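Asker: Just passing along the structure, written as structure tokens.
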Amino acid sequence: MKLLIKNAKLFYTNKLINCDVLVEDGKFKQIAENIVATDAKIIDAKFQLVTPGLVDVHVHFREPGQVHKETIRTGTLASAHGGFTTVGAMPNVTPVPDDAKKFQQQVALNQANSLIHTLQYAPVTVNETSDELVDIEGLAKLGAFAFSNDGHGIMNAQSMYEAMERIAAIDSHLAAHVEDKNLFNRGVINFGSASQRLGLPGIKQVAETSQLARDLVLAKETGVHYHVCHISTKDGIELVRMAKDAGINVTCEVSPHHLLLSDADILTDDANFKMNPPLRSEADRQALISGLQDGTIDMIATDHAPHAENEKNQGFEKSAFGITGIETSFPLMYSRLVKTGIISLEQLLNLMTEKPAQLFNLKNAGIIKLNQAADFAIINLADEYEIKTTDFLSKGKNSPFIGQNVYGQVEQTYIDGECVYSK
Ligand SMILES: NC(=O)N[C@@H](CC(=O)O)C(=O)O
Ligand SMILES: [Zn+2]
Ligand SMILES: [Zn+2]
């Protein structure tokens, strides 16, 4: 099977070039100015963006356990709709895949139902909440691409220390949802003017930063690749910046919602603005933008967290934490960061493809290489459209961005040269 993409604006070797792309037997075969292949199926990209399939190291699919929120099938369909071809699935499903048997079952379930590459996180501790470590070496051998207790901070410093030592010894990665539960204050919103204005219990910034500071010290001692999930605070960015300057092996991700919204945008008791960590202050948001510009932040990750409507229409106090994000990430980032001149398109694509793939050692993801798997997306940068829940392929419709107009609609997504999503 041959596929010839004419007139691509291709993101290749960190540059945007106008060219044709030939795909043969599921692999990139040729990249050149004017390719002729009479026996190929031809797609005229009309100078739309052709990018390596996007990579998101932080998503929540809800299978098994809460398939009314999302299944692996709907989650990966939504991912393909967002231009993503590789995602890292968090282990907060039921049961938590915390031993060999459950982990193998999870991997088999992912393989049977995924339209794209779903990589599986293993938890760090049993059931994600205890202090007892999982069989880190064993689960890595079974394919755990990284370890995370996402949703819960790891409270016991000794568990964290030992986990880091063991994860470092096998060259894997520890992704941390930093949150000291003793400082959490049963909060549902950022602690500050918005929590006061709305009369809601606030989550202090120190819940994030105090555990982050502890972890950075432990990461220095153990040498582990320590990855900070969904960083949200100004002081957190400053800590990561200092740690990087000190040579600590730390990386961090930021979510589109923390880059684009602050707690000042929460005008009513609408839980589509409720997630953990919460939307912070405008000063925090500005610090995240600076961190993106100066390279302190390494990648964009959505923290795609689908919930059912009746779990999100209960107001801030009663609704679940989390918002969907995989179908709106690229268009929002492109429209609000690139078109406004905050970062370049090349920078954005790097943050959503090569950087996450490289830092998590994902071979053959996030990059276009000759004779390698043809995983890519074709994206229309020219036309504006409105974000509508009726267009979502995710079961989750819980987004604070509904009704916004954006650019950057995904036209098609390919895995191994096969179309898995088409508009
Ligand atoms: N982000 C959220 O608010 N919720 C996540 C868990 C998490 O990432 O903390 C979820 O699984 O729903
Ligand atoms: Zn989290
Ligand atoms: Zn998460």
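In case you wondered, yes, glycine gets a Cβ from its N, Cα and C as well.
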Asker: Among ASN18, ASN92, ASN361, find me the residue TrEMBL lists at the same substrate site as HIS60, PHE61, ARG62, ASN276, HIS307, PHE321, GLY322.
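Answerer: TrEMBL lists HIS60, PHE61, ARG62, ASN276, HIS307, PHE321, GLY322 binding substrate, and from ASN18, ASN92, ASN361 it also lists ASN92.
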Asker: Per TrEMBL, which one of ASP150, ASP171, ASP215 shares the Zn(2+) 1 site with HIS58, HIS60, ASP303?
Answerer: ASP150
Asker: Among HIS173, HIS177, HIS257, which residue does TrEMBL annotate as binding Zn(2+) 2 at the site that also has ASP150, HIS230?
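Answerer: For Zn(2+) 2, TrEMBL names ASP150, HIS230; of HIS173, HIS177, HIS257, the listed one is HIS177.
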Asker: Within 10 Å of each Cβ, count the other Cβ atoms and name the one among the binding-site residues HIS58, HIS230 with the highest count.
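Answerer: When each Cβ's neighbours within 10 Å are tallied, HIS58 tops the list.
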Asker: Take the domain 'Dihydroorotase catalytic' (49-235) and average the pLDDT across it for me.
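Answerer: Residues in the domain 'Dihydroorotase catalytic' (49-235) carry a mean pLDDT of 98 in this prediction.
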Asker: Among HIS58, HIS60, ARG62, ASP303, HIS307, GLY322, which recorded positions lie by ligand 1, judged by Cβ under 6 Å to any atom?
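Answerer: Cβ under 6 Å from ligand 1: HIS60, ASP303, GLY322.
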Asker: Below 8 Å Cβ to Cβ and six or more residues apart, same chain only. Which residues does that give for GLY322 (substrate binding site)?
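Answerer: Residues satisfying the criterion: HIS60, LYS274, MET275, ASN276, ASP303, ALA305, PRO306, HIS307, ASN398.
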Asker: Which binding-site residues from the set PHE61, ARG62, ASN92, HIS307, PHE321, GLY322 come near ligand 3, judged by a Cβ under 6 Å from any of its atoms?
Answerer: none
Asker: Return the count of C-beta atoms lying within 10 angstroms of the C-beta of ARG62 (substrate binding site), excluding that atom itself.
Answerer: 24
Asker: So, three-state DSSP: helix, strand or coil for HIS58 (Zn(2+) 1 binding site)?
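Answerer: Its secondary structure by DSSP: strand.
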